[in-house]
Structures are given as structure tokens and as C-alpha cells.
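Q: Copying in the features that Swiss-Prot gives for the protein in this structure:
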- TYR101: active site, proton donor (ACT_SITE)
- ARG154, ASP267, ASN415: NAD(+) binding site (BINDING)
- LYS172: active site, proton acceptor (ACT_SITE)
- GLU243, ASP244, ASP267: divalent metal cation binding site (BINDING)
- ASP267: site 'Important for activity' (SITE)
Amino acid sequence: MNNDKRPLYIPFAGPALLSTPLLNKGSAFSAEERISFNLEGLLPETTETIQEQVERAYMQYKAFESDMDKHIYLRNIQDTNETLFYRLVQNHITEMMPIIYTPTVGAACENFSNIYRRGRGLFVSYANRDRIDDILNNASNHNVKVIVVTDGERILGLGDQGIGGMGIPIGKLSLYTACGGISPAYTLPIVLDVGTNNPQRLADPMYMGWRHPRITGADYDAFVEEFIQAVQRRWPDALIQFEDFAQKNAMPLLERYKNRICCFNDDIQGTAAVTVGSLMAACQAAGSKLSEQRITFLGAGSAGCGIAEAIIAQMVSEGISDKKARSQVFMVDRWGLLQEGMPNLLDFQQRLVQKHSVTAKWETEANGFSLLDVVKNAKPTVLIGVSGAPGLFTQEVIQEMHKHCPRPIVFPLSNPTSRVEAVPADIIRWTNGDALVATGSPFDPVIHEGKTYPIVQCNNSYIFPGIGLGVLAVNAKRVTDEMLMESSRALATCSPLAINGKGALLPPLEEIHTVSKRIAYAVAKKAIEQGVALEIADDALQVAIEQHFWQPVYRRYKRTAF
């Protein structure tokens, strides 16, 4: 654990020091520091510990009634005193994660311009495309190692939010630090402002982004390319996480850059990794393998197809053929089951179509096969929702699945809560408590006939902080598919249900540091094995992970000149 006792030498003093969130201690500055840094009279007389500050901050937090007000309050602390912010969040991680990230962050993105207080990260506008290098040089953090970037076009299940999408990179990087121990000094949220096609945003006098229809096609690609090249010039070793890009751009960008730079797409690969890890744990708890499951997806976009491909890869690693694995995965979108010969399918969807030979004897009352048709005929053991369309896991669908599967695995993963395919209480009730449920957004435990059923949040926060920590620990040059698969396997080994046969599918968030370190070790080991990181011994790797794991504690300050 990186708990360095050495002093930090700081060139700032007075109001400038108090206005620097990474360095500000507020009332915790010692008497000696107050003299050295010209802070006397700028703070109340009492010197407090960080725990005393946390207690006051938590009291203030509890005084707010709405989740949005709580979100704004926490963001204000983050922009004032980052060490205090992360200590507060770590002390109350289960309570506050839904406030700093999903589901509350969705509303914060929709209202970004209305609740704006202070700039954070970088806004890289298409209008300023000739000055991207200068913009990157303006970043307040100089030693950047992790970047989360969005263009705001597909924010959660809420669509095009323009620069309002900045709330997602800010929230994601908060979790890199709170869950994965990555110092906030190493992080940078970025939004690529290429305009918006959201008429509400364009008509809103408060909207702060570039008022222009979205740039598309070759102009868009050239802009992203110039941005990537500028990042490579400024921070050549930084990990870039692509976040909430629209389907038409997400997969092409990933394919274009994954073998050129150290990057991944959390919506596609992070969601896939946490889902595969959760499914592996569920299968282990049931004494079966993932390769023995029949899996139906509702939602065949880049996220759904990314999960499907990761599941297929794990099935193949368990010993079945790629052809056999694909025959057990059924993708359903708004037009029904994806089948060979369907028009207008994207390349990544084409790889997941079902053969007519599989569906030739299926029964249906209409052209094509609906979700209910697929459940009746394919008889899935796993049902995964990534559609962003609420309520489509109906009672009829769930109970039809339950007819032929005594322990159905149901993952309605769409975010935010308002977009979930079915609420856990209904799924538990419809299956008389037999279903194993995990969701994308947080839900309270369900009580059914006197028994309590914990509802696990199958959230990417179990995965991406550990991936980032592993990449940083060995300075990996790429994020490979095999590294992501190792993250899934490491997560599965943390499952209380798989280990003990009881309890929740995933560990509680209070254990997220242990989970992230285990994932980091597995990811880093695979990076070394694949030659995308320098080789180090296992014990040295453990030390490197601990040394990179930042904790929110105040360091002693000594004054120095610029």
C-alpha cells in the first residue's frame, strides 16, 4: 500500500494552495504548515484530522434529500479537496457509489450545464481542432497515466448529451481511484465536443457545448485521429479508455486503435469482462461450466455483441469448438433474432447470426422470432439484457424460461435504473426465488416469502479499476483480449457464492480493493506473458501493485520555490 511518509515539497502557498484540489487539506493543515505556507488567518483556528473532516462532510451529505443534490455536494468536495473526497467515498462506498456514478450520474449528465460549478478535465472542441496540442498542455494534471474519453453521443441509455457526457469520464475516473487505488494526480477526464444532435440541448440557452450538429464521417475520424496522435505526443504511455461512444463509432474506433496504443472500450470490453466473470461464478456455484449454457441476449449492439464474443471465447477455452459455442448464443434486437441473410447488419453482428438450420423447426406466429419465441424454442439457461428498453423481460418471458430451467440466470444490465429490462423483485417473484439475478444498476435486496435475496450489481467497477492498476503496475503497452479474459477469471475467484455455495454472486463493494488488486495481478501477469510489458518476478509484481495503490491520506508538506 502506497502510504509514503516522506514530505511533499510544494511551491504553492496561501489561497493558491487552498485552491488546488490535489493538495488542499483544508482545516487539516498543521500549525507549522500554516506558518510555512502563509495560511494563518485563512482557516479556522482548530487543526482537524481527516477523520474529523470526514465526519463533518458526511453529516452535511446526509442533510441533502435528493440524490442529485448529494451528487452536486460530493462533486464540490472533489473540486475542493480530493483527498477528503476519496476518504469520504471509501468510508461509505456502498452508499455513495450510486451517487457519484450510476444511476445518479445519468441525471447529472442530462443537467450538466445547469449544475455546472467548475471545469474539470478537458473539453476538446472540434472548433479548436487545430490547437489540440495546446489544449492538452493546459491540463492541470501533468503526469497523466489514465484517460477516460467520450464524445457524449451514447450516454448510458440516455442518448446524445453533448458535453453533458463529461459526467461519465469524471465518474469513471473517480472509481479508478476509489476502487483501484490509482492516484487522482494520474487521471484526466476528456470530452470530445463534436456538436450534438439533441434538439433539447441545442435549444437550451444554458447548454455550454459547441452549438452545432454532430460532425460525422471522415471529418469525425480525422478529428479523433488527431486527438489520439496529440495524446501520444503528450503522454505516450497513458492508458486510454473509450467511453459511451455511439454504436456506429465504438467498435470501429476500438478495432482501429487497440493494436496501436494502450486502450480499451469499457462499454464493450469492460462490460463483457464483468459479465463473463459473473457468469463463470454462477456456473461454478451450480457445478457447471459456461460452455454448457444456452444464452439469449436482448440487445445486439456493440455492448451485447462484445459480451457475446467474450462468452464464446471462454466457452472455447473450456474445450468446445467455436462453431458449437456460437450455436448456443442467440442475439435478439428490435427486429427479432439475428439470422443469416438479414439485411443491414453490422460486421460485428454478422459474426453472431444464427443459421437457418438451427431455427428451421422452430415455432413462431409471425415473421422472424421475437424474444419470447427464442426463449420457447432455444430454451436458454441464461438471459442477458443490454437493450436500454425497460420492461421487456416480461412475466411471460421469465416464466417460459423457468419452465425448462430450474435455476435461470437473469442479468438485466441496462443503465440507468429507469432502463432496466425487469426489476429484480419481479424476477424473483415470477420464479418463486429460483432465479439468480444480477443487474447493471444498484437495487436493494429482495425479500420473497420471508427469504432475503441479495441483488448483485454486475457493474464494470468490479473490473476496470483492476485493469487500470495492472496496466500501470507493469507499464503495459497494450490491453489484449487475453488480459481482459484473465480479469474475468480473477473476478470469478472472488465470488462468495462460488467459493462457499452461499452468499452473493460478487463480493461486497467494501472488498473492492482486494478484488482490484487480484485482477491487477492477473492482468499484469498476462501482459508480461504476452510480451506487452517488461518481465518482472511475481513477488516484485505484488510489490509494484502495492506501491501504485494510492490511499487518501494527507502527506506532510515542506515549502520549496518554483
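In case you wondered, yes, glycine gets a Cβ from its N, Cα and C as well.
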Q: Using the residues the record lists for NAD(+) (ARG154, ASP267, ASN415), what whole-number Å value is the largest Cα to Cα distance?
A: 11
Q: Compare the C-alpha of TYR101 (active site, proton donor) with the C-alpha of each of the recorded positions ARG154, LYS172, ASP244, ASP267, ASN415, and give the closest one.
A: LYS172
Q: Other residues with Cβ within 8 Å of the Cβ centroid of ARG154, ASP267, ASN415 at the NAD(+) site?
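A: In sequence order, the nearby non-listed residues are ILE155, LEU156, GLY157, ASP244, ALA303, GLY388.
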Q: When the number of other CB atoms within 10 A of each residue's CB is tallied over all shown chains, which of the binding-site residues GLU243, ASP244, ASP267 has the maximum?
A: GLU243
Q: Give the distance between the Cα atoms of ASN415 (NAD(+) binding site) and ASP244 (divalent metal cation binding site), rounded to the nearest whole Å.
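A: Pair distance, Cα basis, whole Å: 12 Å.
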Q: Write down the Cα-Cα distance for ASP267 (NAD(+) binding site) and GLU243 (divalent metal cation binding site), rounded and given in Å.
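A: Counting only the Cα atoms, the answer is 6 Å.
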Q: Compute the centroid of the Cβ atoms of GLU243, ASP244, ASP267, then list the same-chain residues not in that set whose Cβ lies within 8 Å of it, in sequence order, for the divalent metal cation site.
A: THR150, ARG154, ILE155, ILE168, PHE242, PHE245, ALA250, ASN265, ASP266
Q: Can you tell me how far the Cα of ASP244 (divalent metal cation binding site) sits from the Cα of the residue listed as 'active site, proton acceptor', in Å?
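A: Pair distance, Cα basis, whole Å: 11 Å.
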Q: Give me the count of other Cβ atoms within 10 A of the Cβ belonging to LYS172 (active site, proton acceptor).
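A: LYS172 (active site, proton acceptor): 27 neighbouring Cβ atoms within 10 Å.
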Q: What does the structure give for the C-alpha distance between ARG154 (NAD(+) binding site) and LYS172 (active site, proton acceptor)? Integer Å is fine.
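A: Here the two Cα atoms lie 15 Å apart.
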Q: So, three-state DSSP: helix, strand or coil for ASP267 (NAD(+) binding site)?
A: helix
Q: Tally every other Cβ atom lying within 10 Å of the Cβ atom of ASN415 (NAD(+) binding site).
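A: A count of 24.
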